[in-house]
Amino acid sequence: MRVDTRKCKGRMMQDLNEIFETIKSVAKEISEVIKYADLGYTTHENATGDTQLKLDVQSDEIITAKFKALSCVKALVSEEKDEILPINTNGKFIIAYDPLDGSSLVDVNFAVGSIFGIYENELKPQNLIAAAYSIYGPRLELVINDKKGTKPKFYRLGKDGNFKFVRELELAQKGKLNATGATQKGWSKTHRNFINELFDEGYRLRYSGAMVSDLHQILLKGGGLFSYPATSDHPNGKLRLLFEVLPFAFIYENAGGTTSDGKSDTLFDVNITKTHQTSPCFFGSASEIALLHKFYGKD
């Protein structure tokens, strides 16, 4: 029996569009909740030991409820859930997400966001087929990358309550911004020398403490470097591969950028052995990652 591949591809795009529409709905709801939510802490910790904010849990519950309604979703994996949550045995896609990245900054009114990775059938780097993130700031913004090899698409919420396409995002070969994370006293000498070189070349420091907003700024401004290295207290980095790192690696590489853990040619080469695994990570234009490899001894 011959399979109609056009029908299969059409069904996949239909399912993905349903997922993206759900992400749009989620973004609008979380954006409203943030305005008036209780910003206190719960008595619980997530799988990586972070004490959960009530807003983290509320955002996670919103996303879970929305995606449970989709027959194409096989399972959900969240930064705020210890285990994978099965949804539909006949579903095809696993959604891995950070419900509210930078949530501890809401009390000082910084921009925060949600990150989504869409995996086909299995949670493997090569199975990540689409990614998206939303930004909750002065404006509600959304970036969707629906296919490998295509540029990420940037949207902004309009007065009519609908997201309006603004433009495709593309990184220049060399940028001007340097968003460097982790506590400096824990940096290696190699990393310190690398960052100092960027400043010596005239890069401007732009770091808020929310991964999603810092990476968003670099994308919109055309280039630069975001780094969260291995440190003495977090030798495997602190950012989570499935929920945060790989979705942004997908978007950055499709925007013409490059990613690395300091050793690899791409973050997609990192071997994942557990759901909440973390990794050092570097996202940037080609020039910044080439300089990274020079300092880290890859070349």
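The backbone N, Cα and C atoms fix where each Cβ goes, glycine too.
With Asp98, Leu100 listed by Swiss-Prot as binding Mg(2+) 1, the candidate from Glu79, Glu80, Glu120 annotated for that site turns out to be Glu79. Residues Asp98, Asp101 are given by Swiss-Prot as Mg(2+) 2 binders; from Glu197, Glu201, Glu244, that same site also lists Glu244. Of all the Cβ atoms in the protein chains shown, 18 others lie within 10 Å of the Cβ of Ser104 (substrate binding site). Considering only the binding-site residues Glu79, Asp98, Gly102, Ser103, Ser104, the residue whose Cα is spatially closest to the Cα of Glu244 (Mg(2+) 2 binding site) is Asp98. Counting every protein chain shown, the number of other Cβ atoms lying within 10 Å of the Cβ of Asp101 (Mg(2+) 2 binding site) is 26.
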